[in-house]
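For reference, the structure is listed below as structure tokens.
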């Protein structure tokens, strides 16, 4: 009996290992293609074996990608939009979640928590055309403030959900003690509650930054032309109907990944802590 169980567990382990390796290869394959194309000349990407590793590293791709796509301007636009969006999200979502949680006994505020959660399920495609028409009527197309505003609107629901779950873990007794000492409601939040929200705030910073930085659909609708294009939209210039420069597109994509990679690497220890603490209590 024990031998059968041992054999069954061994087979299960082998099966799970195979599944794990298949999933790993599935996720790493696009990065492999991206990296080898970024270091190949254009002619090498059209050979019989385009997935072969390059014999020499062709660094000229990065120089041409920066020059031909107006990379520095697009990088600046993405950076400014991401920083502004993340700051607004942290300020608004933390305060909104605090009110929703602490006034949760009130039916009005309790309903809003579910409204924010439901907004996460709304696909951008369902409002893409009405949004474009409204922005055009308001003369806000190709405007950085409009892009930040729309991006914040789509990120807000999930960020409030994270904050709500984490704020429920903050003891109310701390706020009551501060109120007895004469601290105002705003002072209680910024001096007592907000410093305790550091793990979930770092989670919100990383996830929101990734969402805004990598966004293509909203950027394509709101800032598709002119000097306010973001990196994902600017990289589209390498792909045309008649000819495509996959090597330059890969080089530009690799450069655009680096800032978010280092941000995630620096703050990764806060992400799991912030998500799990909020999810368990929420």
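Every residue gets a Cβ built from N, Cα and C, even glycine.
Since the structure is predicted, the reported quantities are computational estimates derived from the model, not experimental observations.
The domain 'ABC transmembrane type-1' annotation in TrEMBL covers 75-267. Here TrEMBL flags 12-39, 80-101, 108-127, 147-167, 188-213, 245-267 as transmembrane segment.
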With Cβ-Cβ distances below 8 Å as the criterion, list the same-chain residues six or more beyond the ends of the transmembrane segment (147-167) that contact it, or say none.
81, 84-85, 88-90, 92-94, 96-98, 100-102, 113, 116-120, 124, 131, 193, 197, 199-200, 203-204, 207-208, 211-212, 215, 218-219, 222-223, 228, 230, 274-275, 277-282
Hey, would you say the transmembrane segment (188-213) packs against the transmembrane segment (108-127), going by three or more CB pairs under 8 A that are 6+ residues apart?
no
Where else in the chain does the transmembrane segment (12-39) make close Cβ contacts, counting only residues six or more beyond its ends and a cut-off under 8 Å?
45, 50-54, 57-59, 61-62, 246-247, 249-251, 253-254
